[in-house]
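Peer 1: Summarising the annotation, Swiss-Prot assigns compositional bias 'Low complexity' to 52-87, 167-180, 191-225. Feature annotation from Swiss-Prot assigns phosphoserine to SER167, SER858. Swiss-Prot lists 208-245 with the feature region 'Interaction with PTKL'. The region 'Interaction with host VTN' annotation in Swiss-Prot covers 365-382 and is backed by similarity to another entry. As annotated by Swiss-Prot, disulfide bond applies to CYS437-CYS489, CYS559-CYS564, CYS573-CYS602, CYS585-CYS628, CYS619-CYS664, CYS747-CYS801. According to Swiss-Prot, the phosphothreonine annotation covers THR541, on the basis of similarity to another entry. Sequence annotations record features per position, and here Swiss-Prot assigns region 'Thiol-protease-like' to 571-989 based on similarity to another entry. Summarising the annotation, Swiss-Prot assigns site 'Ancestral active site' to SER588 and lists similarity to another entry as the type of evidence. Look at Swiss-Prot and you will find HIS754, ASN779 tagged as active site, backed by sequence analysis.
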Amino acid sequence: MKSYISLFFILCVIFNKNVIKCTGESQTGNTGGGQAGNTVGDQAGSTGGSPQGSTGASQPGSSEPSNPVSSGHSVSTVSVSQTSTSSEKQDTIQVKSALLKDYMGLKVTGPCNENFIMFLVPHIYIDVDTEDTNIELRTTLKETNNAISFESNSGSLEKKKYVKLPSNGTTGEQGSSTGTVRGDTEPISDSSSSSSSSSSSSSSSSSSSSSSSSSSSSSSSSSSSESLPANGPDSPTVKPPRNLQNICETGKNFKLVVYIKENTLIIKWKVYGETKDTTENNKVDVRKYLINEKETPFTSILIHAYKEHNGTNLIESKNYALGSDIPEKCDTLASNCFLSGNFNIEKCFQCALLVEKENKNDVCYKYLSEDIVSNFKEIKAETEDDDEDDYTEYKLTESIDNILVKMFKTNENNDKSELIKLEEVDDSLKLELMNYCSLLKDVDTTGTLDNYGMGNEMDIFNNLKRLLIYHSEENINTLKNKFRNAAVCLKNVDDWIVNKRGLVLPELNYDLEYFNEHLYNDKNSPEDKDNKGKGVVHVDTTLEKEDTLSYDNSDNMFCNKEYCNRLKDENNCISNLQVEDQGNCDTSWIFASKYHLETIRCMKGYEPTKISALYVANCYKGEHKDRCDEGSSPMEFLQIIEDYGFLPAESNYPYNYVKVGEQCPKVEDHWMNLWDNGKILHNKNEPNSLDGKGYTAYESERFHDNMDAFVKIIKTEVMNKGSVIAYIKAENVMGYEFSGKKVQNLCGDDTADHAVNIVGYGNYVNSEGEKKSYWIVRNSWGPYWGDEGYFKVDMYGPTHCHFNFIHSVVIFNVDLPMNNKTTKKESKIYDYYLKASPEFYHNLYFKNFNVGKKNLFSEKEDNENNKKLGNNYIIFGQDTAGSGQSGKESNTALESAGTSNEVSERVHVYHILKHIKDGKIRMGMRKYIDTQDVNKKHSCTRSYAFNPENYEKCVNLCNVNWKTCEEKTSPGLCLSKLDTNNECYFCYV
């Protein structure tokens, strides 16, 4: 009963009470857009109304429908009132969707200011921006990885050319504009009519939304874009012609029908007024796309919609199952993972099978990857105490825990802690600090404490306090990790980076002084122009430009023009290249160069294999004695490759900074050559670039008046090659305490002294409420620096800067053959559930962020709101700040920083998840406390308690032990082994 009341409370708080009628009964309903009986499914605006059954979710491990978060209590149906006022509509998601009865497809309707994204799992992605009437199709197939603009209909998938089959693309619509399906008649029925106007529009790309200074890809055929005045500034602006008959406007509604007929994907688009006017335009925009019959068929349709109103942010994700060929018990486990809000369905599904102790011959195991099945026994044998035999490591962990407790004090109200002052350091803390640094020296391999003097108790305390202040918003596990950076034990801590750079800028001349602006703009090739028209586009044709044909960039859920973070995909080759530490040696140029080549190998289909940095350091034709004290550049890296024609793996010749300067080793028979069949290409002579053999560099200063072009170059190279080398100025900017999770807004310099790698990019909203974009940068200072070795920096930097923080970017021009032999197949479970990235949901919020509607919540208000919500019965991911030891320690660090503003921006986001199968709807919910919470790869707040009263206990157990289990093959299984009372379920975390 408690969970029953909690669900009703949440639903009635989230949605307008006048729109949602809270009852305890299921209610039959139609889709609201077509005639009864012609569509099946639920309405997008509802919270669980089902035409044929009640909502419900399943308990972990159970194949019978039950509630996964309320320990067996049924989840009540919440039905939608059929009438609502215009003001009430603002409170709910107005995008409504329903399955078609006679076709494999979906009908979506709503007002013209509502946007949504649709996936035809596992292949097709459709992004619908109704405000600009911009519909874009992408595909996850390796051969067809870019975008098609619905409007352009030019037969172009950006860099890939497609064969067009003649057919009418725009038809007149007969009958009601509701698009009712009658018998065998197609949705939004067609009749012949005149062709739609043809415009010379290239395929549009939805790129990262950003502020006026941010990058924005040109979206051709956008209704909001305007051409320049023809006769001066006083002339009226003229909108470019559109290649669509139906253009969304305020006050109108849209209807989109997507369905499969034989081997053709058909999309129909219609705009109409709120009242059906018989004199209204009766044209329907229709596009048809051939799909490859040999590919895995579509198994489900997933639709995402977003709504923000009065500080409440709703994300609704609905998964419509199209078939039932997956065994029921397997589908139940997987759908539970989806409903929990877990992005990594495979990891969660794998954990569920392991926790349930199913043997590897169970039918559900065939939906996992081959590696998991083949290593079944090893995974099951993994224990939580694998490393407990390392006594020094154990004592170091214990010492860090003691210091964190002793460095904070509790005030008289016992509700707020702060860092102690220097004069408050007692003898026990002094002893612990010295013991801590002694233990750290024993395990440290970077040479920090061997080459610089160790500080006394006061030095160490001040260094740690400075670290805690700069990382005030980190959780306890992250802080413990940062305490393993040996720099905190130095007497003069700023000396730490003196020998951790090592870039010497090469002397090169510009091959082309003049910047060809058109090189970086989207433009149509002659083939594109020939393909303009209306009809059927071949989605599986393989003609493609040379620069992308040879790279496997099919992971566009994790890396595309809007955002790119392959680190969030645990199965990706690049995410398995662990951060390295160059040690006390000026070798950043080697680590940045070799990582760039490693990611190129990943994008060519090779296994994640590290290149030996020590081999490159020692195999050069010069003096060896000062090799660790003088830097160089990526040009020398390429020269060494060409001179020797060999690159061993890191495992063949491991890096140790003390060995830098030795003689070049003799290649042994068992060593692997990672440069086998590789070639360094000649100069490309790119405009506005510095060129060497196998090397192209772009200085940001040359793009001062066109930084968008500079950004676009980097994005393109990261998408294709996995990374670029970046030159930056680290001196007096980056130290041991540098925060990696916050986006740094930094100026640059006219010179550079350090080489790093740009590995991705994303979007954020700054403290002023402006939409901005950032680079994800990988450093070579070890995993205890920054955000596990990475940091974020604003793409454009402050407006007053003379130089961008990224001084230059470098791209290798090398030829490596594609390796198709070792390409691993995705787990079969992703044929039924979307392989999603946390970045996708964060980007969904970002694209719809309205600066004028942002709402601020204090931390106190957050805690009060969470108390009202009760335990985590229905809401997945409820905030548990302040509960348990771990939570307390985390909050003390937050409050001790003395932030300039006690009221921080906390945007409450509620994620409603629905799984619709066989007319039944099962529902889950998750609450995020802020936008960064949306972006997290894991969250202990998704812990599940079989008895709801133990929820906080389960979350605390997860937080305390996460570091122990994080690197295990199945962290959820590891946590379950630590739950000796069997009170919790951790597969959702």
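The backbone N, Cα and C atoms fix where each Cβ goes, and this holds for glycine too.
A description of the local structural setting of each listed feature is requested, covering burial, neighbours and distances.
Peer 2: The average pLDDT computed over the region 'Interaction with PTKL' (208-245) stands at 46.
Just so you know, the Cβ of CYS489 (disulfide bond) picks up 25 other Cβ atoms within 10 Å once every protein chain is counted.
All protein chains shown were included, and the count of other CB atoms within 10 Å of the CB of CYS559 (disulfide bond) stands at 27.
Taking the Cβ of CYS573 (disulfide bond) as centre and 10 Å as the limit, one finds 25 other Cβ atoms among all the protein chains shown.
CYS628 (disulfide bond) falls within neither a helix nor a strand when secondary structure is assigned with DSSP, and so counts as coil.
Secondary structure at SER588 (site 'Ancestral active site'), as computed by DSSP, is helix.
CYS619 (disulfide bond): 20 other CB atoms within 10 A of its CB, across all protein chains.
Around CYS801 (disulfide bond), the C-beta neighbours below 8 angstroms that are at least 6 residues distant in the chain are CYS747, GLY748.
Within its own chain, HIS754 (active site) has ARG501, GLY502, LEU503, SER588, TYR727, ILE728, LYS729, ALA730, MET734 as residues 6 or more apart in sequence whose C-beta sits under 8 angstroms from its own. In this structure, HIS754 (active site) is part of a beta strand by DSSP.
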Peer 1: Once the chains shown are all counted, how many other Cβ atoms turn up within 10 Å of the Cβ of SER588 (site 'Ancestral active site')?
Peer 2: 26
Peer 1: Would you mind reading off the Cα separation of CYS664 (disulfide bond) from CYS564 (disulfide bond), to the nearest angstrom?
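Peer 2: Computed Cα spacing between CYS664 (disulfide bond) and CYS564 (disulfide bond) is 38 Å.
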Peer 1: What same-chain residues, at least 6 away in sequence, bring their CB to under 8 Å of the CB of CYS564 (disulfide bond)?
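Peer 2: The list for CYS564 (disulfide bond) reads PHE558, LYS715, VAL718, MET719, GLY760, TYR761, GLY762, ILE776, given in order along the sequence.
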Peer 1: Count the Cβ atoms, other than its own, that fall within 10 Å of the Cβ of ASN779 (active site), considering every protein chain shown.
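Peer 2: Step by step: centre on the Cβ of ASN779 (active site), count other Cβ atoms within 10 Å, giving 28.
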Peer 1: Which of the three DSSP-derived classes (helix, strand, coil) applies to CYS489 (disulfide bond)?
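Peer 2: Its secondary structure by DSSP: helix.
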Peer 1: Nearest to CYS585 (disulfide bond) by Cα, among CYS559, CYS573, CYS602, CYS619, ASN779 (recorded positions)?
Peer 2: ASN779
Peer 1: Taking only the recorded positions CYS437, CYS489, CYS628, ASN779, which one has a CA atom nearest to the CA atom of CYS559 (disulfide bond)?
Peer 2: ASN779
Peer 1: Counting other Cβ atoms within 10 Å, pick out the least crowded of the disulfide-bonded residues CYS437, CYS585, CYS602, CYS628, CYS664.
Peer 2: CYS664
